[in-house]
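Asker: Checked Swiss-Prot, it gives:
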{"type": "COMPBIAS", "residues": "1-16", "note": "compositional bias 'Basic and acidic residues'"}
{"type": "REGION", "residues": "1-21", "note": "region 'Disordered'"}
{"type": "TRANSMEM", "residues": "35-55", "note": "transmembrane segment"}
{"type": "TRANSMEM", "residues": "89-109", "note": "transmembrane segment"}
{"type": "TRANSMEM", "residues": "153-173", "note": "transmembrane segment"}
{"type": "TRANSMEM", "residues": "187-207", "note": "transmembrane segment"}
Amino acid sequence: MNHDINEEKTEQPTEHHIKKFRKKGETRYSRELNSLLILIFGLSNLWWSRYSIIFELKTIMFNSFNFNQNILTNQQNISLNFFFFIKKILIVFFPFFSFLICIIIIPPILFGGIKFNFTSLKLNFARLNLLHGLKKFFSFQIFIELFKTTLKLFIISCISIFYLWIYFYKILFLSTKNISSSLLDGFNVIFYCCILIILGLIPIVILDVFWRQWSYYKKLKMTHQEIKDEFKEREGSPQIKARIRQQMKINLRRRMISDVPKADVIITNPIHYAIALKYDIHKMNAPKVIAKGIGATAMKIQKIALKNGIAIIASPSLARALYRYSEIGQYIPGPLYKAVAEILAWVWKVKKWKREGGIFPEKPKNISVPSELNVTGESND
């Protein structure tokens, strides 16, 4: 039997691997979502306080352009007046920037937790490697980021130009109004333009959130070799070994159950054992066991098979032999080829019957199992 070594990251990550991954500062939180939240809440804050901001700005502008000879002849008065205006500007925008800082900090903490990553501060000469830098520069991740940035720039430009073109004359005639009306109308023009930009960016943010989730979990996945290496690294503690073994069993069982819909046939005991077989004549040298179980697991395999329209056939001695002498992901033992071939031939006849109709093919009877593989010692079913 051939055993292909597959080094693709197909295994679910262990708890230890997830912790190490998070320590590196990796997170599934979308920066695009954070930017959108900043824009939404920042604009909302400006909208709620627009009248007070406009009033204070009008006061500052009026006092700034008001000519006063006493101020000009006294240098101290000039300094005091300057700091007075600075203070007024800070008072006007302090609530806005305070709220904005909270929005910048709080969402990443809620979604990703508090992380202090000092790894990037360490001196690493490998970063000076030109080939490594070029490889990173032309990576798929960089391409995705470039595509997102270009798309955002295109959307923002189109919306801004279109909106300003529509309201061109309204903006042009702002200079003919009094200062209060001009500031308020100008604020409204900018605000509604930003609302349209937010609506245009929402699809990009949604796609980025799903992309971040998929990319994060893809990076988290491990190869068989990584799991073995981690097990060797941490095998000093019996509790950790037991926990890792348990996690590996859970991961294997989940993957096994998810593979059941791919099976061609389920061979059962009928209630104590269930073995799911798959055979691709173009890709496989022999039928392969993709799932097996006893008790509750066997019943679950049969339930999934019924739900997906997979053929189920009862052959107690063959089911016991396959369970005992076969491993998940491996080909069946050579001595069982003949027995399994009879069942697969029946499965193919059933598939043909479903397509063309006619007489339903009779199930194979007296499926023989070699005595050396017969678990209970019976010769036939």
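Note that the numbers count up from 1, one per residue, in the order the chain is shown.
Glycine is no exception: its Cβ is also placed from the backbone N, Cα and C atoms.
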Asker: Quick one: do the transmembrane segment (187-207) and the transmembrane segment (89-109) reach 3+ CB pairs under 8 Å, ignoring pairs fewer than 6 apart in sequence?
Answerer: no
Asker: Sequence-remote contacts (6 or more beyond its ends) of the transmembrane segment (153-173), Cβ cut-off under 8 Å?
Answerer: 185-186, 189, 192-193, 196-197, 200-201, 204
